[in-house]
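I have placed the structure first, in the form of structure tokens, so that the comments after it can refer back to it.
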Amino acid sequence: MTQHSGAQSDVFVPTGKLQFGVFFQGVNSGTIWKAAESGSQTDFESFRRIVQTAERGLFAAFFLGEGLRLREHLGRPHALDVVGRPDAQTMLAALASVTTNIGLVATQNTTYNDPADLAHRLSSLDLISRGRAAWNIVTTDNAWTGANFRRGGYLDHADRYRHAEAFVETAKRIWDSWETAEGPAGRVLHEGQHYTVDVTPRLPRSAQYRPVLFQAGDSPEGRDFAARQADVIFSAHPKFDAAVEFRKDLVARSLNAGRGANAVQIMPASEFILAPTADEAAAKKEWVRSLQIGPQQAVAYLEQFWGRELSAYDPDGPLPEIDPVVEETSETRGSGFHGAKARQLADQWRAEAKDKGLSIRQFVTSRTARVDATFTGSYSAVADQLAEYARVGAVDGFNISPWLIPSGLDDIVNHLVPELQERGVYPTEYRGSTLRENLALATPVRSVEAARAL
Amino acid sequence: MSTTEEHATEAGHTGFLAIELDGAGWDGGDFASLAEAVLAVESAGFHAATFTDAPVAGRTNALQRAAYAGPVTRSIALVPEVDTVHTEPFHVSTQLASLDYVSGGRAGWIATAAESPEAAAAVGRSDVTGAALAQEAAASIEVSRRLWDSWEDDAVIRDVATGRYIDVDKLHHADFETPADFAGAGYSVKGPSIIPRPLQGQLPVLAAASLVGEGQVSADGVDAVLVTAPTPELLAAEIRDVRSRLGAPVAVVAELDVVLDSRGLAAADRAAGSESGRARYAGTAAGLADLLESLLVEADGVRLHPASLALELDELSRLVLPELRRRGALRAPVPGGTFRDLLGLTRPASRYTDSSAATAAGN
């Protein structure tokens, strides 16, 4: 198996290459459902088409998010955004039978899963897909989500990474405990503050040894966690200068964690709005934005932060002059609610909107559209831009969220990928059949003795 | 024999055949792949494939194996065992609903509840035993069913004029709580589900007949039961017994181990070994056809557990199933049919449909 020359070295070495992943969002306002060509977010055929298009474009990985409770708005499920998605691993197991090379990444929460059960299911996916599974590790800390689970809301915010790390270590021990020829090496025990695990692992290792680990947190704790545990970090810093900064920071943290400078790869979340010419791309961007954030969505977005109904406000007028509800009530939950910080946030936003002369709709569009994460332009101009990322090693690739399902990757695969290949910065074939091979990651070999000693 | 045929024809009650695919193992066992194995049983004419989830070394998650089989098959129902005791009901419900999506409405669920100190220790719980097992199973089935109903069928409206993707009046909190006398640690599930209602509305739920009945999982909670007897001779009597105990709405599926004369090897020589507790037929393909024909008069279906998937499937597909079709004992596969269709079940409305209509009317 190949690996970066710098994986064990203390000097970062750019590979000069990029790889793509696709993040089938399935939910939220980034996915356009109002256009004539918008398909279903839940039909299997939508997933099949996206993943097969991605594989045709030699994408390294196909990502699915995880939902554990529907977002609510003023005490009820949110009416305006795309909502509803299948279980990640079940869908990926199905997609494994209609693909051969692309990696299959399941976002799975460490808080509302049991380590032995999740490790077994991920290992199953890895075997069923013949070495293509990955786990995007995320954490939750809120009791609101816990209302759907046996343990309820048991974890403090401060504990979530400590808990996640114990969880991941336990999963790794389960995966590492079965060497190819020897069978299971015995029980894996873990006794922690929040749970106890006593399990005899049942599955052999896969063609890629064990699932690849992705991580998406961005706080200092999240970055350190990724530097210690992950193979790939799914970052929020796609802009060139920020990406270079993030690389520096992550290399330092990786070295600090005793790993090589290239040990953790970086794939920022991104969105592409492409056309043959710059003008066409700019026009397309206007169209995309108008469909992503309609007038009702703009007002509803503010309602999440204000904690109260704002339907009397004109989406094309200024931000509401009334103040948010500050108490943390059970009215509004989900991605937005900031409780006591809400009033301060409202003041700040009103000032910003006034300063820039933005209406509610314009302001919300500027906040919600992935401004940093969007590459807009002609195929060749964007390819030039990306080639520069590859040259300096700002990132290892991009994790693309298509704004249209199921045709949203077509222009990327048909036009952008060939341009990148011409520039020598994108693969022209899959290196191998496992995700670890295709990402050029080192094999995490551990002896039975080492696994036992953990 | 003629009375048999008359009964089958009159009642329009020909049966179906399921096959336990576990012999295929995670990599297909004798087959090159799980996809090849499931395609082989589909083209042999089986109506359903089941996937065991017992904690055996080398065996991957049953639900994922069923999901993998979904896109490569067209008519066969895919029915994994999923434990109800040491799993998270919310996850189980979502996974099963997703299986229904990836299989085009051909998913089912064998809800299991077995005493297992190992499974309990793996998730850090104390062992669940006796009557508490059935209580856990009943709770898990009820949570899943509520979550499957929590999105009404027409909840996704995609109404461009109002900007609404869903009609929030058609999404419901499941608000499940374990009963007051629950033996294990009680819990609640809020809902709604994170995935729209399964294609079948409700997936058919199967369970061992020994788990269903008074004081256990109620007969209303399941759509079919799996009936086991120690010998083929006792199986028909046991089926009649279960049917009279549980009543007509519950379909009955008989369990049968099968070892056939195959590739020059006598079944009798191959039959030695593992004891499953199930009735076992060992012998010729013709003898099996006779036995299945008689069982399908009593049962709605029979699930076969072949000693070796590859060896038995050879005989089953060449000799046994064609003969049963010739005799009119097997239901014709319905192209594009759901598992509910196979079991003769209609697609139910969401339990919340009426209440929301009433609420809307009240407003």
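The backbone N, Cα and C atoms fix where each Cβ goes, glycine too.
TrEMBL does not curate its annotations; it predicts them automatically.
What TrEMBL records for A:19-394 is domain 'Luciferase-like'.
A:T107 (FMN binding site) counts 20 other C-beta atoms within 10 Å of its own C-beta, drawing on all protein chains shown. According to TrEMBL, the FMN binding site annotation covers A:T107, A:H157, A:Y161, A:S219.
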State, in Å as a whole number, the widest CA to CA span among the FMN-binding residues A:T107, A:H157, A:Y161, A:S219 given in the record.
19
Quick one: what's DSSP say for A:H157 (FMN binding site), helix, strand or coil?
helix
For A:H157 (FMN binding site), nearby residues of its own chain (Cβ under 8 Å, 6 or more apart in sequence):
A:D141
Determine, from DSSP, whether A:S219 (FMN binding site) sits in helix, strand or coil.
coil
Which chain-mates of A:Y161 (FMN binding site) that are at least 6 residues away have a CB under 8 A from its CB, listed by sequence?
A:T139, A:G217, A:E221, A:G222, A:F225
